[in-house]
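Q: Submitted below is the structure of interest, expressed as structure tokens.
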Amino acid sequence: MKRIKLLHKIPIYLFMVMMSVCALLLFYMMIVMGTHYSEDLYTGVKLFFGKYFVQNFQTVMRQNFLLYYWNSIVVAGCHVAGGLVISALTGYAFAKFEFRGKKFLFAVIVATLAIPEQLGLIGYVLEMRWLGLNNTLFPLIVFGMANAFGVFWMRQYIGSSVPDEIIESGRVDGCREFGIFFRLIMPIIRPALITIFLLLFLWSWNNYMTPLVMISKEKLYTIPLSIALISSEYRTDYAARILALSMGTIPILILFSFGSKYLIQGLVAGSVKG
């Protein structure tokens, strides 16, 4: 019986291996292309490292790439911190508290997932300009911080993973609601928090549309916008741009390397319990 089950899983494992190889090959090719001369990229696919890494790296650094890198870190870090607090507290309230209009409000939040992000961006741009906050990093941080998916995910996870007895015991011991949440609830929902953390960071780090319409000052550019600025003298240096893209993936690789275990736990638990 075990041998039959193993034979049934072989095609699945082979498919997963093939997909992993394809993903790794594309990432490897991106790194390799960043070490070649720009004009050499037109001659065909490069599978071996070139000799122009230092020159391409210098081209990237001359474009204030570290400043844009720092802007992306600030925006993504603040966005994730605020988004985690809002998603966790709101999801906790919907999961464990009873109040008038609870089901209706939650239905409205879930319904916003069907609204295209670009549709709400128009009004958001007008609002930020009216408040005089355009050409600042603030609109990039706040936009999407109140995440409907994050609220839905945390509500489902907390509702099925946190026993009511833990909350009641905290109240009996005289602990306030915020104390119950931060001391008792958060250690239990760590996989869900890390899942939302990674997803929010990935969305904010790769966000291109919002900075494009909100930022016109180059010193406030984030990495997605800064790629188009990278050039060498009087030509577009595509190799240097590819190298910059490779450098931009470093934080994502680091975070997913350390948080992949919790990400899988959170996704599996949320899908089963939800």
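Every residue gets a Cβ built from N, Cα and C, even glycine.
Okay, so TrEMBL annotates it like this:
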- 69-264: domain 'ABC transmembrane type-1' (DOMAIN)
- 12-31: transmembrane segment (TRANSMEM)
- 68-92: transmembrane segment (TRANSMEM)
- 104-125: transmembrane segment (TRANSMEM)
- 137-154: transmembrane segment (TRANSMEM)
- 180-205: transmembrane segment (TRANSMEM)
- 238-258: transmembrane segment (TRANSMEM)
Q: Might you confirm whether the transmembrane segment (12-31) is in contact with the transmembrane segment (238-258), defined here as three or more C-beta pairs under 8 A between residues 6 or more apart in sequence?
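A: Judged by the Cβ rule, the two regions touch, with the required three close pairs present.
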Q: Look over the recorded stretches 12-31, 104-125, 137-154, 180-205 and say which has the most C-beta pairs under 8 A to the transmembrane segment (68-92).
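A: Going through each listed stretch, the top one turns out to be 137-154.
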Q: If you count every Cβ pair below 8 Å, which range out of 12-31, 104-125, 137-154 shares the most with the transmembrane segment (180-205)?
A: 137-154
